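As given in TrEMBL:
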type    : residues                                                : note
BINDING : A:ASP83, A:ILE84, A:THR85, A:ARG113, A:GLN127, A:GLU131 : L-histidine binding site
DOMAIN  : A:12-308                                                : domain 'Class II Histidinyl-tRNA synthetase (HisRS)-like catalytic core'
Number of protein chains: 2
Amino acid sequence: MNDPTSDLLPEGLEDRLPQSAAAAARIEYAAMAVMGAHGFDRVRPPLIEFEKSMARRTDGLLTRHMFRFVDPKSLRTLALRSDITAQVGRISATSLATTPRPLRLCYAGQVVRIAGDQLEPRRENLQIGAELIGSDSAAAAGEMVELAIAALEAAGATGISVDFTLPDLVDTLAQDTCPLDPEQRDAVRRELDAKDAGGLKEAGGEAYIPLLFASGPFEEAAEKLAAFDAGGALATRLEGLRQIAARVAGKARLTLDPSERHGFEYQSWFGFTIFADGVRGALGRGGTYMIGGSNEPATGFSLYPEELVEAVKGNEDLGAKVFLPLGHDRGAAAQLRGEGWRTLAALSEQDDPAKLGCSHVLQGEEPVAL
Amino acid sequence: MNDPTSDLLPEGLEDRLPQSAAAAARIEYAAMAVMGAHGFDRVRPPLIEFEKSMARRTDGLLTRHMFRFVDPKSLRTLALRSDITAQVGRISATSLATTPRPLRLCYAGQVVRIAGDQLEPRRENLQIGAELIGSDSAAAAGEMVELAIAALEAAGATGISVDFTLPDLVDTLAQDTCPLDPEQRDAVRRELDAKDAGGLKEAGGEAYIPLLFASGPFEEAAEKLAAFDAGGALATRLEGLRQIAARVAGKARLTLDPSERHGFEYQSWFGFTIFADGVRGALGRGGTYMIGGSNEPATGFSLYPEELVEAVKGNEDLGAKVFLPLGHDRGAAAQLRGEGWRTLAALSEQDDPAKLGCSHVLQGEEPVAL
């Protein structure tokens, strides 16, 4: 009982105290309200599932990044979820398989991974997201980028910027425009991701070097990419990107980094990352993909608002509290709560309103500032 | 990929689909709003902790009921929480140790246990609760019973009833009024719990038999208990119960079962269970207790609203959806959302408003019923 380390939390896990818990709850509620208002229905999958089932619906989900344990009931391995997207894919392909498409679902919940990394040591995250199942068109992608921006704005993010990418760029170009052997593709992708012109040349991808310069503010970068794409292999993708960009122009700063692939390994033609002023790292990402198992096209995004919580928690307003002295007018207190005040009732004569964080005291039927 | 069982969920775990997810989210939000309005600040502890730390703050928390696994980072055993109360106790004794008392905290989150039971096969539950730390007085208990009722009412529960108990009844009586050897006490408690008069007699607890009849509607049962307590050992407890009952009279049906102990093994002088019409089993329970480790008195309750969700989900109103045709007036759509409508935007000419669950279509600036 006297071990001073016995109250420590494991590395990468933390308690949210009142300011930060209030910020996280407010952000979650605001984002979910926006998704609901845009016709997305909430689903709530369980925290744990069979490991095999969890792995099935997105090819990219590596269960070795999850805490796993044997279920004494089934004697099978369970995994604590590290991602909710795959679970929503499962729901769309099973319980909601016959619901008309496009199917719009949203979710919010905690996810956990075994190991954090240097950039992001957190092992538990709040994941909030939406999936539009049955379409990966530019119209679907435009709706989802716009929705992600609206959800983050409602949550209090400002100065939002969105970086577009074309995850299957190399595969598309390698067919005709800049031919590559299948075994060269991985190396070319890697060197493009590393933005290494010398490496590209060595990997036999010299023709891809101009792509390294087709990134930056959206309009300019899209023009450079169009100039590079003389053969027109990227024409429909460029048209799609422009359609999405037109839809959210004025709502966010837009950039394009067509060869960015890290984190988009399982996206199809379109991916995006979303940032906000004063918030460390990316707040979320999304794109088009095929749901594993059912092979249905979908477009979705996930937001990880932890760093937004960190950025705003210091100024989070918990609301003014009115101290209710012993023997107070209970009807008046209920009325104040109805008007949005928070009340805090005395338990004994010793309770000190100021020490307990109250800004007001109820006198008769009125809150009086301390 | 073609294993038909690969999408099954483990026994006792389930997906919440739109109606039930909406009900669960609404209930959580409504209950948390009531707690916030009564001055309780939210905290959000992590889903997993060191097993030892999890076990420390409530003597009653059996980590063998939790999923446990080794943390590759610390090489120590972690546990997936089965209860949030102990975590809130830890927070109160560490990060918030110097915050003035009484300290009011609330929480909502998922909890998981290894095995369900026949009455309650669910292995994952939503737990919503509040803890008033620093007091276990009748005033504190009255506040918490009233708050639990208000939270459930806001969540949509009707016909609420509360059953009071005195968890340390036998210990209190055994000191003088009806003396028992320490080794007899467990047996007497067990037979009282089983309501077995014959067993009580055999266990040497014949004097306790009248307690079996001191249960039922609060006023009558309290009178019987007072009559039994000629020596006055229970006088302060009876006075406390009457104070609590007076506070919530008219808000719930009240009963007293003074010897009910099952589930209250770690409560001190007062415990309560809360029920609602049309909802299977108890919706929550609470009482006074000592926080393990710091030995600070506290009063709290936990609500498990899963059965309330089951009872209401069929009638849960997801809100009317307005279909937005291609080329619709985007300003009008935003205004409708601002007024509380849900909108659903067409992605293609093929989208059918009725099939997609819309009750209205936007024509010009007005929603028109289908």
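Keep in mind that glycine also has a Cβ here, set from the backbone N, Cα and C atoms.
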Site with most surrounding Cβ atoms, counting all protein chains shown within 10 Å, from the binding-site residues A:ASP83, A:GLU131: A:GLU131
Chain B neighbours, filtered from binding-site residues A:ASP83, A:ILE84, A:THR85, A:ARG113, A:GLN127, A:GLU131, Cβ-Cβ distance under 8 Å: none
Chain-internal residues, separated by at least six, CB under 8 A from A:GLN127 (L-histidine binding site): A:ASP83, A:ILE84, A:TYR107, A:ALA108, A:GLY109, A:GLN110, A:VAL111, A:SER302, A:LEU303, A:TYR304
Whole-number Å value of the largest CA-CA distance among A:ASP83, A:ILE84, A:THR85, A:ARG113, A:GLN127, A:GLU131, listed as L-histidine-binding: 22
A:THR85 (L-histidine binding site) CB neighbourhood, other CB atoms within 10 A: 25
Greatest C-beta neighbour count within 10 angstroms, which of the binding-site residues A:ILE84, A:ARG113: A:ILE84
Averaged pLDDT score, the domain 'Class II Histidinyl-tRNA synthetase (HisRS)-like catalytic core' (A:12-308): 94
Secondary structure at A:THR85 (L-histidine binding site), reduced by DSSP to three states: helix
Structural state of A:ARG113 (L-histidine binding site), classified by DSSP into three states: coil
